[in-house]
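First up is the structure itself, then whatever we jot down about it.
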Amino acid sequence: MSGGVDSSVTAKLLADKDYDLSAVFMRNWDTRDESGSDRGCEWEKDWEDVRRVCKVLDIPCKMVDLSREYWTRVFEPSLKFWESGITPNPDVWCNKEVKFGALVDHLTQDPGFSNTPWLATGHYASKDWKDLNGVSRPRLLRPCDVTKDQTYYLSSISEHSLARALFPLGNLKKTEVRELAAKWNLPTATREESMGICFVGEKRKFHDFISQYIPPRPGPIIDLETGQQVGEHAGPWNFTIGQGAKVKGLKEKTFVAKKDIQKNIIYVVPGTDHPALYAQSLIIRDWKWIWADKPPIELTHSGGLKARMKFRHVMSDVGCTVYTDNGHTRIDFDEPQKAVAPGQVATVYIDDWCLGCGTIIDVA
């Protein structure tokens with residue numbers, strides 16, 4: 001449980017059934033690493049909300065401190081990405097490495113829990129089972145509320161983790177979840193959704209936060225069309241492909257089209273629809289199918305796998321063809337796509353079935 005309305009309703013739905021149910025709150029970020037104290041810490045409010053809901057539902061709850069695991073498995077690798085000028089997606093890897101990784105490992109070793117626990121979350125996702133040669137295997141599916149689809153964030157988890165996962169909100173819309181929370185008088189019924197990277201939070205600016213860990217690395221901002229320097233940046237990690245560059249003194253808005261990490265140059269172009277902002281294909285590193293031993297058979301054919309994909313959570317999926325060759329994965333878009341950033345996660349679907357994901361390392 002996170003302290004939000006989604007995990008609260010999830011807990012209530014399960015509490016009404018015959019489960020041996022316990023709530024677990026993950027503390028993933030230790031603000032003492034930054035300030036030396038816990039004052040003003042968001043996790044305390046979240047934990048208090050979890051306890052309030054569990055008291056209403058009469059279920060036990062406990063906090064598990066996974067801040068060290070989060071630091072080493074998610075934050076440090078993300079920091080290396082940012083430092084190299086690449087834009088990572090730590091929320092995707094948090095699910096794989098912490099929620100469905102370190103947390104499950106902790107619970108299986110805790111004598112207070114079953115050694116084969118099921119993990120239920122408040123994600124908007126669904127799951128079914130498909131018979132394959134007499135073996136039943138789990139499939140990660142989109143939820144009924146496609147506007148809240150969170151399969152993108154779950155696309156890195158293993159088949160083993162998926163098999164032991166429950167997504168009770170998969171058949172509910174967000175509005176229905178709110179209505180149920182109000183009907184059941186849950187303490188979190190009116191709580192707003194949390195946004196942004198968990199360790200940055202909603203009140204801090206990313207630049208202010210990341211500057212605590214990465215020293216400034218000033219460099220030029222250059223107009224890609226003219227080759228002229230139009231400004232200066234404090235570090236390439238402050239920019240993502242496709243975002244507004246906010247260069248002072250220019251009459252027309254400019255947008256980041258390219259980053260030369262070796263030379264520490266940010267290239268910008270005028271306008272939101274400049275051709276340099278679009279990509280036709282991308283190269284993937286560390287591609288992982290959820291069914292690791294059984295990639296789609298179409299990949300053995302020269303025509304590749306016709307599918308749908310997303311490279312951001314908040315976007316409609318687009319048509320593509322997936323190719324694999326000697327361990328490398330390439331995805332060609334049916335139509336050019338805007339603002340594809342190296343470091344982001346590319347997730348592939350066939351209809352509502354989420355097949356897996358990988359990290360974008362290059363675009364063309």
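Each position is counted from 1, following the chain as shown.
A Cβ is built for glycine as well, from the same backbone N, Cα and C atoms used for every other residue.
Curation does not apply to TrEMBL; its annotations are automatic.
Features reported for this protein in TrEMBL:
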type	residues	note
DOMAIN	208-269	domain 'tRNA-specific 2-thiouridylase MnmA-like central'
DOMAIN	280-360	domain 'tRNA-specific 2-thiouridylase MnmA-like C-terminal'
DSSP-derived helix, strand and coil totals, residue by residue, for the domain 'tRNA-specific 2-thiouridylase MnmA-like central' (208-269):
6 helix, 23 strand, 33 coil
Counts by DSSP class (helix H/G/I, strand E/B, coil) across the domain 'tRNA-specific 2-thiouridylase MnmA-like C-terminal' (280-360):
4 helix, 49 strand, 28 coil
